Amino acid sequence: MACNSASCESGCYKDDERPVAANGNASNPRRGGVNVPGVCLKCKINQTIAVTHPAVAGSAGEGGRFCADCFRSNLLGKFRFAVTSNAMISPSDNILVAFSGGSASRYFILFSHVLVTQKNFDASRERERVLPVFGVGVAYIDETTMCAEASSEFGEAANEVELIVSNLTPPTKQFLAIPTESIYSPELAVGRDSLKRLGDVVRDLTGKEDLNKHLRMLSLQKAAFDNGYNKIVLGTCTSRIACHVLEATVKGQGFSLAADIQYVDARWKVPVVLPLRDCLSEELNMLCSLDSLKTVEASQQPRAGINGLISSFVKLLQEENPSRESTIVRTAGKLTPFSFNKTPEVDDPNERLATKRRQKKYNLKPDKSQPPESFCLVCSSPLKKSNTSGLNGLALEETSAVIYAAACSSCQYQILPKDTSSMEHFLSLLPQSITTLAKDSSDSHMFLREQIQDLLLSDSDDGT
Amino acid sequence: MASEAAAETAAKPRGGRLCTICNTKRAALKRPKTLEQICKDCFYAVLEDEIHRVIVDNHIFKRGERVAIGASGGKDSTVLAYVMSELNRRHDYGLDLFLLSVDEGITGYRDDSLETVKRNEIQYGIPLKVVSYKDLYGWTMDEIVKLIGLKNNCTFCGVFRRQALDRGASLLKVDKIVTGHNADDIAETVLLNILRGDIARLSRCIYSPNAYRGFAREFIKDLERIRPRAILDIIKSGEDFRIATHTKMPEQGNCERCGYISSQKWCKACVLLDGLNRGLPKQGIGRTRGLDAERNKDSRETNGTQSLQSKQCGSLDF
């Protein structure tokens, strides 16, 4: 559908605007290839959402293509397919859903019960009836400390989210409000202070935003682990991934990009899954609107710097061509995923058999890749082997240089400080979970130290 | 820049900030790539040196090679012509250089740029050779437009131009062609390939003229304003992308009509030319079946031009 020729005459954009047939009759809907405006493309019977719910339809192409029922089932189909073909969720799981109040995670919470239908799982018939339903908890991350300007908004949002969760149909879902400083626990007061100072130390606007994102994930990880959850669900949808693809590309993260955009990300202590990866934000918003699902306007400030630029760029592209976000994600989907981008295998012979059957059914290739040797200590992206090029021209002493080399080139540039004295201060502000990693890398990377020997300043150089 | 320098001169008795490289002359500009404040001479020096390093580190040339410099008359190819002749002389590459220009046969269009290239020939002492669409294909753009009108002429010109440099160089028994594509162009292409779903091109980076480029170009300019090194970071990402080996890539073979490199039975230029010669202006316009259509698939259907006629965009198997 995406046409790249400005002079193309096929009129593929103009389908929705085609005038009604001159004879005034709706053409026989069964005749192949003829789209009657106002009639659902799929069932060819009901009226489209653009007709039945004009306020909801908005500018999305979906509103003009499907009727409400077909739209719902189409969205649900994508969601279910994502979950089943990747064996994302099993009945014994205890899942923590990261809920910002937005439509994506809202949708998941509502429809998670749909995944319970037993025939989705390759389990034997007898076990079907006794399998428990997977547990669901909801986490809301309170970023008050990191975004002081918006503190009241976060507080209000948290209350609204809690209200939504308490009003969900039973069984009751645990609600966790997680302040980002929780990653510093038990020293929460110190944590709050450190977080505020971190915000000052990181000068680059984009770096600040990205650091906040990494800290959010750490808080989620901690909350999930501490509360006995074994999986995290994020509402990351196609639109968000399209933005992430471009963000990673312009930050020089082409190597690690594939790790972040798959259905499953098991590099973390608590694996993260994206059941809504194939859904557009436009569709999810429309559904929540259609079904009057209460959502909370994400108390996100307009994104600044590079992330904000990309956000607007993708929005512009999507308006110009409604399949743009999907195209971007599809292209990036052809990048080789990493070994941790699949559901971790369980030591159960039945599960292994089920996995083989699933791979065959959905034509998935068994993964043959080696796990990466190391991950960036700030953002956890898999590191390429030769990571020391960013060190040229910096005034670093040994320990700092080792830290530097343990980070990806993007974090090196936009997050880490550029000289030794600032580095020590910076490290003192990080939570222990990261500094232990740093210490480990410092102790064990003799090899790395040798590599960077030439780039280090010796004591005699600075005259002391 | 002049007023800035003047203001600085007024503020500081010594005559402003000094160049951070030579520390002698006054800084005349802030280098976009590194934000260093340097003087004119050092600017020339670093630019020329970086290009020299790229040439040497990547073993781009061998002594005695015949090298054609793609010359459009624009700023990039003018700088290229200057740098190539200068480095060839200074570092004794031993290359046989000449300028290669393409004349599309559009009245009034190329005249100015051809004048510039002729000036380059004189200024840098590099012989100029011009190949025209008429020489290569038997048609000027003016003649093509007369036949097909203004609707799809961009397709023709683009396809022909891409091949013209190659074909011209081949006619002139050239060993290597150099073009003035810069980091912005490459970054733009990487971006476009992501946006358009062109995974095969993502690993080959072919220039394709396109109105849609405007979007990407604008975005890159905005990006550069926020973070200049982002352009190079895009290129780095492009190099680091790991593409799944089982992804279908087009097989590279040769055109049956002219021998040029092609993933289809006939190369695009031959398809278009055939159409022109037979009075079928729409032939080859619009997408053929699948971007990565394999050659054997195609041979099943082709016994001439039927399968290559324009198809509705909606039939793309995306």
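Cβ atoms here come from the backbone N, Cα and C positions, even for glycine.
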Of B:Val46, B:Val102, B:Val131, B:Val145, residue recorded by TrEMBL at the ATP site of B:Gly70, B:Ala71, B:Ser72, B:Asp76, B:Gly180, B:Asp185: B:Val102
Assigned conformation of B:Gly70 (ATP binding site) - DSSP reduced to three states: strand
B:Gly180 (ATP binding site) - helix vs strand vs coil (DSSP): coil
Neighbourhood of B:Gly70 (ATP binding site) by C-beta distance under 8 A, where only residues 6 or more apart in the same chain count: B:Ser77, B:Leu80, B:Leu100, B:Leu165, B:Ile177, B:Val178, B:Thr179, B:Gly180
Of B:Ala71, B:Val102 (the binding-site residues), the residue whose Cβ has the fewest other Cβ atoms within 10 Å: B:Val102
Proximal but sequence-remote residues of the same chain as B:Asp76 (ATP binding site) (Cβ under 8 Å, at least 6 apart): B:Gly180, B:His181, B:Asn182
Mean of the pLDDT scores, which run from 0 to 100, over the domain 'tRNA(Ile)-lysidine/2-thiocytidine synthase N-terminal' (B:67-209): 86
Per DSSP, three-state class assigned to B:Val102 (ATP binding site): strand
For the domain 'Cytoplasmic tRNA 2-thiolation protein 1 C-terminal' (B:253-283), the number of residues DSSP places in helix, strand and coil: 10 helix, 4 strand, 17 coil
